[in-house]
Amino acid sequence: MNSWVLSSSPFLVSLFFIFFFFIKIPLSLCDEDMYESCSNMFNCGKLNNIGFPFWGDNRPNSCGYTGLKLNCQGSVATIKIMNVMYQVLGINPDAQILKITREDFSTGICSPEFVNSTLDPTLLDFGSGLRNLTIVYGCGFSLIPFLGVGQFNCQINGFANIKWGDYGPGECKESVVVPVPVPVQSIPWTGIEIFDRPKLEEAIREGFDVKWKVDTAACLNCTEYKGVCGYDLKQNQSTCYYSSPGTYSTCANNRFASSQFIISNGQHSTTTYVIHPISDEQMILFIFVILIISLNRLICNIDNFLGENFWGWV
């Protein structure tokens, strides 16, 4: 007997879902805690005000890409890339360039971690002006697998040889491939100069550039509407956090920026509503208008159901 209210007023049911969509979802997406946390900047030594797409220390993992975690050890910033720890020498957010150097080579080249310097191709690219250099360890005194290259002695890992290019250990025990910057000069550079051990260590400590491959357009759009950029770990994409559902209250790459609702007005007619991002004031006005329309339809349905004499009894 009471089911006639919902069956004859599908508009009320539609109103409930619209209200839930605008009120419930933005509150879950626009987490004020994440807004506050991701508003914090990473600061360490000479690096200051580092934000998205990086995270680490006082910035939780929802503030940046998973592979771009920064750590602060004393006054030295570090980042781990493909199982190799690097010291961060500089960050240029505008050019999206990160300058790094291998931490295991910071005190010399004789006791490295035997892991090649590689990058996640979906996230990072090597900068320009770099050449790969292979350092081979554990070679015998008379064993020189690479002709025409330098050789030096490491007390820990035996004799070492170096050669331009990407090679394995050959007949030696271990090898490490590292990129080094090639000087830009007018006279052709043969690369032989770097085979002197002090110069080689200096070139490695100088570090190299890598460029992060993150689309910053969505982040710029986010900050334009006073949001804070972050990363959605479930969707594996950038997102946007807001302090409250306000002027631009849709988050997560504006996935709810424009939505369409088809609301039934009866058995044969429908009305299509396209909802765009709205402010709090527009939201209140929208809900108010819908309530007035719904109340009017409810009164009409009651009148039709009970008959016109119903109001005379009242």
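Every residue gets a Cβ built from N, Cα and C, even glycine.
These come from TrEMBL:
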DOMAIN    38-101  domain 'Wall-associated receptor kinase galacturonan-binding'
DOMAIN    167-243  domain 'Wall-associated receptor kinase C-terminal'
SIGNAL    1-30  signal peptide
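Each residue in the domain 'Wall-associated receptor kinase C-terminal' (167-243) gets a DSSP state, and the totals come to 22 helix, 23 strand, 32 coil. Residue counts for the domain 'Wall-associated receptor kinase galacturonan-binding' (38-101) under DSSP (helix as H, G, I; strand as E, B; rest coil) come to 5 helix, 35 strand, 24 coil.
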